[in-house]
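Colleague: Below you will find the structure I want to go over with you.
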Amino acid sequence: MTAANERVVIFDTTLRDGEQCPGATMTFDEKLEVAHLLDRMGVDIIEAGFPIASNGDFEAVAEIARRTENAVVAGLARAIPGDIARCGEAVRFAKRPRIHTFVSTSPIHLKHQMRKTEEEVLEIIATTVAQARNLVDDVEWSAMDATRTGHEYLARAVEAAIRAGATTINLPDTVGYATPDEYRAMFVAMRERVPGADKVIFSTHCHDDLGLAVANSLAGLAGGARQIECTVNGIGERAGNAALEEIVMALRTRRDALPYETGVESTLLTRASRLVSAATSFPVQYNKAIVGKNAFAHESGIHQDGMLKNNETYEIMTPATVGVTKTSLVMGKHSGRAAFKDKLKALGYELGENALQDAFARFKELADRKKHVYDEDIEALVDNQIASGNDRIKVLSLIVIAGTMGPQSATLTLDIEGVHTTVQSTGNGPVDAIFNAIRSVAPHEASLALYQVHAVTEGTDAQAEVSVRLEEGEKTVSAKVADPDTLVASAKAYVAALNKLTVKRQQVNAQAAISA
Ligand code: KIV
Ligand code: ZN
């Protein structure tokens, strides 16, 4: 490695800050699946969750810690002794554990949220970082709302954290307020004025409220940061975090201007984007950089003409570098298990024996019902499977009567924790009838905030991908399911959202208990 291409550490927080995105709740199995892919991709650090937040979060962090082969596994903890102890318990199973602890430093947060003086916060930093350092060798400390903190006090806080044993110092733009110049200058100032700054790694953590998260992260590198915190698809609190795929591809494509390297395998970026979209049920906007459906599409005649003559006319990176394969007709009902396994591999999936068996059976079922099975169909099928691991409620059967002779009705059988119940309901259209049936078997207060249908591929036999979002008070959950039958997909998507609501309720109850 030369001075011209210094290594930048990629810290992925999809499973922590990403999951804090309203509606993006992931189940235990989905979190394990995402962590597995991040590890395979070469992400350096996986922030697996916030162990004190709930038993579910604790178990997910602990299991990811046990299973992760290469990456450092971090857990988040507030600057509270109980949080740090619990985080230490969860990450201790990792080959390379990290405790990430944070406290606010800005005058606004100190006055209104923490109600503490600057001196009190310095004392908290010293004791909590030291406590974490007694549990693990790798401790990250974050100055929450660093970009709205005066440099003088920020330098004292960073110095306290370094003295107490922090090995990484993260300076987040928590509210997405900084400009690139300001963000770079903050790192320069801290590295110049804080004793011991040369012994730690500085990290960026940028939110996208003004659309500057990636630009600010790159400006942080210019200021001397060597770790970037980011999330797949840029999901996260409010407008989200810096997008991992954008950071990785900016560094790779513009090595001339940005002389840094990451260890991320870029051909898995599209796969990661689809997996996170399936697990969170958050669609990726069509024009999203790197992983959007249109990121490599050329519509205008002039662009198409140029592309036919030479790709470089309108393409700064090839689709293959981010793992986009040409849509292809895969296989039909006569395709065998080995060909199916090969196809999954080419699409970036690595399934265990049982999951492969299951996926193959579902593929056969699909091939029986659908004339052409495309790559996108296979992806939707496997992603559905990942997203419906240990569900509390399952759809067993559905019969719908629709048409001009209303009222439309649905006869639905659900399995709720092993108990099978059948009901018949009517409604204002078949989807309404189905949702009424679900509500009568599994009563709940949540209201339907979104119902959306997309075709996975073209043609009248295309699978329908249905998204459902439910809201219950402050809680929002979303789910996405594909099926050749739009009505079956609708029933399954609603039920999947209800399953996510159960996970969300547990998280919220546990969080209420810890902040009481
Ligand atoms: O945005 C932020 O400040 C955070 C910290 C907990 C690192 O997410
Ligand atoms: Zn954040």
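Yeah, the Cβs are placed from backbone N, Cα and C, and that goes for glycine too.
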Colleague: Looking at TrEMBL, which one out of Asn5, Asn233, Asn241 binds Mn(2+) in the same site as Asp17, His205, His207?
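Modeller: When TrEMBL describes the Mn(2+) site, the candidate it includes is Asn241.
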Colleague: Counting by DSSP secondary structure, give me helix, strand and coil numbers for the region 'Regulatory domain' (394-516).
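Modeller: With helix first, then strand, then coil, the region 'Regulatory domain' (394-516) has 42 helix, 53 strand, 28 coil.
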Colleague: These are the binding-site residues: His205, His207. Which one scores highest on other Cβ atoms within 10 Å?
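Modeller: The largest 10 Å Cβ neighbour count belongs to His205.
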Colleague: Measure the Cβ-based neighbour count of Asp17 (Mn(2+) binding site), defined as the other Cβ atoms within 10 Å of its Cβ.
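Modeller: Counting Cβ neighbours of Asp17 (Mn(2+) binding site) within 10 Å gives 23.
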Colleague: Have a look around Asn241 (Mn(2+) binding site) and count the other CB atoms within 10 A of its CB, chains all included.
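Modeller: The answer is 32 other Cβ atoms.
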Colleague: Around the Mn(2+) site formed by Asp17, His205, His207, Asn241, list the extra residues of the same chain whose Cβ is within 8 Å of the site's Cβ centroid.
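Modeller: Those within range, site residues removed, are Thr13, Pro172, Thr174, Cys206, Ala213, Glu229, Cys230, Thr231, Gly236, Glu237, Gly240, Ala242.
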Colleague: Any of the binding-site residues Asp17, His205, Asn241 with a C-beta atom under 6 A from ligand 1? Give them in order, or none.
Modeller: Asp17, His205
